[in-house]
Every structure is written in C-alpha cells, then in structure tokens.
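Here is what Swiss-Prot says about this protein:
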| type | residues | note |
| --- | --- | --- |
| BINDING | SER21, GLU46, TRP47, ARG48, ARG82, ARG213, SER232, GLN236 | 3-dehydroquinate binding site |
| ACT_SITE | HIS143 | active site, proton donor/acceptor |
| ACT_SITE | LYS170 | active site, schiff-base intermediate with substrate |
Amino acid sequence: MKTVTVKDLVIGAGAPKIIVSLMAKDIARVKSEALAYRETDFDILEWRVDHFADLSNVESVMAAAKILRETMPEKPLLFTFRSAKEGGEQAISTEAYIALNRAAIDSGLVDMIDLELFTGDDQVKETVAYAHAHDVKVVMSNHDFHKTPEAEEIIARLRKMQSFDADIPKIALMPQSTSDVLTLLAATLEMQEQYADRPIITMSMAKTGVISRLAGEVFGSAATFGAVKKASAPGQISVNDLRTVLTILHQA
C-alpha cells in the first residue's frame, strides 16, 4: 500500500496520525484558537469552514486560511466544509460547495481538501483532478450520524472513493450497538487487506465507537480525530490522551 506524504508527514505508516478540528466563527477567533492549538500535540489541522460565519465572502475565508497557515506553517492544513446533510453547520448548494473548494485550492494556502463522496460523481471527479493539478491532496469522505450500514456497503463506498482517485478515503458512521462497531472494524480490516492501495480513515462515532478511534493501527485506519477543546464529532477524546494510547499500541 502506498503512503501519502503531506509536508513531512507520512500518512499510512507507523501510528495513526492525529487530526484536530478548528471550528472558529470569525477571523478573531480563528487567530486566538490557532495560537492555542499551536501548543498542542497533533499532526494535521482541519479547518471546519462550515463553522465560519462570513462564508459568502471568499476574501474573508482566505484571510482566515492565511492566518492558520502563518500560525502553524509546519502543520498540514485540511480545508473542510462539512455539509449540513453530513452533520455540518451550514447548508450549501453543490455549486457553492465546489466553488469554495476550488477557491481554497487556488489560494495555495491549503495542503488538503475534504470532498464529500455524495456531492455528485462528475463534480467529485472534476474537483479531484483540479486539486491534483494544483498539488493539493483529497480526503474523500462520507458521514452517517444515524446508522452503520452492512460491511459490504462500507467497503463499496470506500472502494468508490478509491476509484475516484481520492488520496485518502474516509468514512465515519454512527453505531446503534456494539456489534455495529465490530462491523465497521471488520470492514476496515477487509478493505485494508484486500482492496486498499492507499491509506484509509474510518471511525465509529459516539462513546460506543471510541475503541475504533484508538485501534486504527490494528485494523487499518491511518488517522484519527482528537479534541483540543470542543469535540467536532461525538466520541472524540482529548489529543493528549489519544497520543498516549496510540503510542502504547504502536510500541506494544
């Protein structure tokens, strides 16, 4: 399986990488939170742009991105607008969503974008090609905050992302039972062993799914999300605790 290198970070080798999400509503808070995050032990900074209030002003969005880049120049920056239908803060048209991601790519300020699988096949393929032409990596994602589908469906979605040339396929699912967590882990392992030719990220959410956020190195998930202050999804644990557990499992 090939790895993905962003800046000096090799994703898909060694312990799972820690991603933290910054969810500030305005430029002032972007700046203050970035300064606080800078003191934290993590690997990738995800900017959750759907929390940013002045979204219609592309210049304002990119000014905030510039602050993040300048505050943490060594950290890979993942630009994510999470749509309302997949658990995000704001609804957005497909056209505006694609335009926003293209603006981020054009800015030269971001290393990676998050692109939702179910945006529309043609739009997804075109945006992946556009990102790659500008040396920006793509995390292709799918989130279900209500249920966990069968393992076959989980694998099918991850394989579809791979077929669309995502650099890193990602899926996050809500368990209704502990067996749903096992379904996610089994699907992750099967994908990683039989189909994946690149790193994947998977997680089962809420308290029930916490084990999936810790056991990525065992089952085949290359990264996990930790909380600096407020969790961006149910079940996230603090980055310090997360690093401790990932290190223990890596060194065992």
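Including glycine, each Cβ sits where the backbone N, Cα and C put it.
In sequence order, ARG82, GLU86, GLY87, GLU116, ILE171, ALA172, LEU173 are the residues near HIS143 (active site, proton donor/acceptor), counting only same-chain partners six or more apart with C-beta under 8 A. In the three-state DSSP scheme, GLN236 (3-dehydroquinate binding site) is classed as coil. In this view, TRP47 (3-dehydroquinate binding site) is surrounded by 28 other Cβ atoms within 10 Å of its Cβ, with every protein chain counted.
Counting neighbouring Cβ atoms within 10 Å of each of the recorded positions (ARG48, LYS170), the lowest count belongs to ARG48. A C-beta separation below 8 Å, combined with a sequence spacing of at least six in one chain, links ARG213 (3-dehydroquinate binding site) to MET203, SER204, THR224, PHE225, GLY235, GLN236, ILE237, LEU242. Cα-Cα distance from TRP47 (3-dehydroquinate binding site) to the residue listed as 'active site, schiff-base intermediate with substrate': 16 Å (rounded to the nearest whole number). The Cβ neighbour count for ARG82 (3-dehydroquinate binding site), using a 10 Å radius over every protein chain in view, is 24.
The Cβ neighbour count for GLN236 (3-dehydroquinate binding site), using a 10 Å radius over every protein chain in view, is 23. There are 23 other CB atoms within 10 A of the CB of SER21 (3-dehydroquinate binding site), with all protein chains counted. Rounded to a whole value, the Cα-Cα separation of ARG48 (3-dehydroquinate binding site) and LYS170 (active site, schiff-base intermediate with substrate) is 16 Å. Rounded to the nearest whole angstrom, the C-alpha distance between LYS170 (active site, schiff-base intermediate with substrate) and GLU46 (3-dehydroquinate binding site) is 14.
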